[in-house]
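Notes for the one structure printed next.
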Amino acid sequence: MKSHGRKVVRVVARVKPSTDLVSTRSISVHKPMGEDSETVSISFGAQFAGSKDSYKLDYCYEENETTGSILTKEIKPLISTVFEGKDANVIAQGARNGGKTHLIQGNERELGLTVLTMSEMLSMAEERGDSVSVSVYEVSQETVYDLLGQEKRVVAVLEGAQGKIQLKGLSQATSLIFQCFCFQVPVKSLSEFQNLYYGLKKSQKLTSDPPVRSHKGVMIHVTTGNANPGSLGRMNFLDMAGYEDSRKQKSALAPLEIARINKSIYALQNVMYALNTNESHVPYRESKLTRMLKDCFKGCNRTLLITCLPRKFSQDSFYMLNLASRICLGSNRAMNNPTKKKINGPERSISLSSAAQRRQTPLNVSATSRKQTMLRGSVTERKTKINTAASAIKARKLFGEANDSVKCKNSSKKMEGKARMALKNVISTSKVVSSIQASSPKEVNPCEHELNEAACLMFYNVGNLFVIYCYRFSIFFGRRGIFSGFLKLCSSHGTGKFSICNFSGYSTSASLSSEAVDITEKETPWKHKEIFSGATHCDDAFTEKAQIVKRDENNSVIDDLALVINKGENLDKENNSLLANETASPPLSMRLQELSNNLKSICKISNQLSVPEKYQSPLTILQAEEASEHSDITAEAAVSGELRTPERTMPSNIGCSPWKAYSAHSSKLKNSAVGEYLKFINTAGKEDLKKLKGIGDKRAAYIVELREESPFKTVDDLKSIGLSAKQVKGLLKKEIGEIFE
Ligand SMILES: Nc1ncnc2c1ncn2[C@@H]1O[C@H](COP(=O)(O)OP(=O)(O)OP(=O)(O)O)[C@@H](O)[C@H]1O
């Protein structure tokens, strides 16, 4: 019998027998020492040329090997550990239709691993005088359901003060002596279990309308049967929902649903990887599934990860095998490497998933993510120096192009082309700068970006008004939630619009740059009869300046207000410190200054052009006025020819009703208040926390404890301190309402 050795996660594959007799045999498994091989290599046919030659796993069960042999070689050693008081997990993962359910659940004719294991455990329990009970659960769209009740019940997964997983609202479960996940049903015989298990499967089929894909789990609990009954161990079987590339055209599922499933698959991979590489931080909180199974995974508990592979190999299976191999080897830490090559390949889903996660949690990057960021930093360190120069060149090129487009008088089509080129360059510059920022170790601290200044260069097109905003700001837009609202607000106006943003906080910059590109993709065709209006906003080291250039259809300048950038002391300091540290990325102020200089040069050229008054249509003038109004450029400033930095209120009522504008503003305010509340929860000391309504000594201590493991990312996370959704809402209401008292 093969020993599991010291590995926390043993990674094997199972090849599903092919019913298609003519299918080409695309997988080949190399077992150097037959069944006793320590590792095996799996390789593919020519269609996967370009991939690695082979992938190493701990073992691979081929078609001719039965489920019984998996039981004997892999699961029996785990059963012994369960009776010794440990937990064990058997997880089937893979692409869709890979045979996961067949392996875990089986059917009446061909028993699956769960039933075979239950049989073993029942006879062992009988011998020892112990008892066995079972819980069955399902995790669908980040919600856990108990399947053994009269009807599906939602299970709230909470962490107790000791970090133990607890249930809320399930009295039957909490009254049990040991920590359990779901309602447990005692099982006395195998036939009783089979009736329950397969009966459940049938009734679920009837009730699940419309069918949703989910992760399904069966947990077998063992309790000692002596005078002091107590929990021994648990054997957890998990049938993961199948991985599917969300870009697939044929999928019956909504892309959002696929993305969520993939995200939770990815979260599990992260946990397995962290466990196998003995990382100090295991990202359990990245998904509901991993969070609820935290106690089963951690410590000396063992996990068997089975990747189910159909003989007729698909790209999705290849992807899952690739991930499994990484967990097995535990050596390649760059699962999230956002290199171009990987983004084009199956890893794109991973990086998108994690980007999505980061988008949700810009402030709170998990320790693993931070580590990965550091790693990416070191991997791209060499590239960074080159990119720093390249980005500066690209920035110059961008505005060089912009100059060209201003100069272009005769051909509006030519101008359109140039403008598109300029946009392209902005995007690439943005990406380069983002990657530099990501690789800068000093910017890895997830909280630091709040204090860092951030810059945003924003272009957007309102009707035939083309506005350029260049921002430098700190705390106000330090929160992604607010900034996202801001982007959405902008993107909800006008016909064609896009935004390019650079944030100095790593997580934010990554998420925003991708978001910015998304918006760009939706851009409507460029209009070449624009009035150009640009404004630069600068905090701190900069004085407030703005610029408006109006153009008619002949590209002539109607009005131009000068752009002046004053360099303050802070800027000098910042730049001096840069000179002292040649390897650092150029400070934002320097980049911003460069952009501003280029804008100035555009102005100069624009100044030389005359604007026939007849070309000023009332509409365009109105829009320009509206834009200046919304940019909070005062009449006084306009008269003096020097524009003030608009306040950080964005034009919200251009092209929309007062109600819409009000709604947008109030939701922005709400997000801002919630963000500040969470920020406080994540940073305040215990005494300060107690000043919050509804937070006492115990809760404050618990908050401090929980956030050390993983900061609170959303309002929902507050439920983990033992509050109901209603209570959380009440707390926020009280805090926010107090502002107006
Ligand atoms: N070992 C096997 N022998 C024979 N048929 C199998 C085997 N494994 C799977 N199948 C068949 O392949 C089909 C898909 O299997 P299964 O439903 O287990 O895949 P899955 O990976 O669970 O799919 P999903 O990702 O949709 O949950 C089923 O019709 C099943 O009967």
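Quick reminder: no glycine exception, Cβ is built from N, Cα and C everywhere.
The ATP binding site annotation in TrEMBL covers GLY94, ALA95, ARG96, ASN97, GLY98, GLY99, LYS100, THR101. Sequence-distant neighbours of GLY94 (ATP binding site) (same chain, 6+ residues apart, CB-CB distance under 8 A): LYS100, MET240, GLY242, TYR243, THR307, CYS308, LEU309, SER317, MET320.
According to TrEMBL, the domain 'Kinesin motor' annotation covers 8-330.
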Cβ-based isolation winner (fewest other Cβ atoms within 10 Å) among the binding-site residues GLY98, GLY99: GLY99
ATP site shell beyond GLY94, ALA95, ARG96, ASN97, GLY98, GLY99, LYS100, THR101, criterion: Cβ within 8 Å of Cβ centroid: LYS16, ALA92, GLY242, CYS308, PRO310
Binding-site residues listed as ARG96, LYS100, least Cβ neighbours within 10 Å: ARG96
Model confidence over the domain 'Kinesin motor' (8-330) (mean pLDDT, whole number): 80
